[in-house]
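Copied over from Swiss-Prot, here are the features:
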type    : residues       : note
BINDING : 30, 33, 49, 51 : Zn(2+) binding site
DOMAIN  : 26-294         : domain 'CoA carboxyltransferase N-terminal'
ZN_FING : 30-51          : zinc finger
């Protein structure tokens, strides 16, 4: 998937078939319009349907934004533990951690790294939604705080890619305190004169939105991404009113001044390159620029 974001999106044909079983690995059915799309064409189009629906990418697929050979991962072994011995009628947290690690091949829901986009160095944090809903627990928060500290020390911008259900309920207060810890680390990044660019992808909710993503210098969202604190159904049940059809979508947030831009996936790498270049050039004219270390990448 390393070339995912370097391919020119292609036009593709789709067949509208209702309630038909889909052979494994041959076709993808769009959850939005119901069209069947040939898998290879769907991948060539960055997993975006012709109707505009953006299918969720894995954390590893998002790493395709980076230049070839620039990815250097941090803290891959850092993992959450079941400190509270959490058990609910639906699941045992310790077993859920084991299953998520087997399913995703990751130790937790966040990958952190250094890398480059069009030759411009940066630090990156990207969530894996398939790992317990991309929820922020103690290991997630620690990984994120560490990569922010690395970015501040190395005078590098930070890009976060966020698809999350929020703080991890199985870790209780241990998860909630990560919100404050991460935002404190971001004050160091700001003091170093470096930007935090947050990309919100579907879905982005709860403590992840309420902490570090909502205070980013630039907030970008993919088209149609659902973004909010509490879910739509919870709000409707609480206020006993129907919400607008497009409530909590990226477009709704843009119209109400909550985010800076809505960017299709095919344009994302170019937009990020432009933003990184603007911030780099602005930083070069500050007095802090003389303290920037000469790096090829951030050391782990």
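Each position is counted from 1, following the chain as shown.
Backbone N, Cα and C atoms are what each Cβ position is placed from, and that goes for glycine too.
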Tell me, what is the mean pLDDT of the domain 'CoA carboxyltransferase N-terminal' (26-294)?
-> 93
Please spell out the DSSP helix, strand and coil residue counts for the zinc finger (30-51).
-> 6 helix, 5 strand, 11 coil
In the structure shown, which of the binding-site residues 33, 49 has the fewest other Cβ atoms within 10 Å?
-> 33
The most crowded of the binding-site residues 30, 51, judged by neighbouring Cβ atoms within 10 Å of its own Cβ, is 30
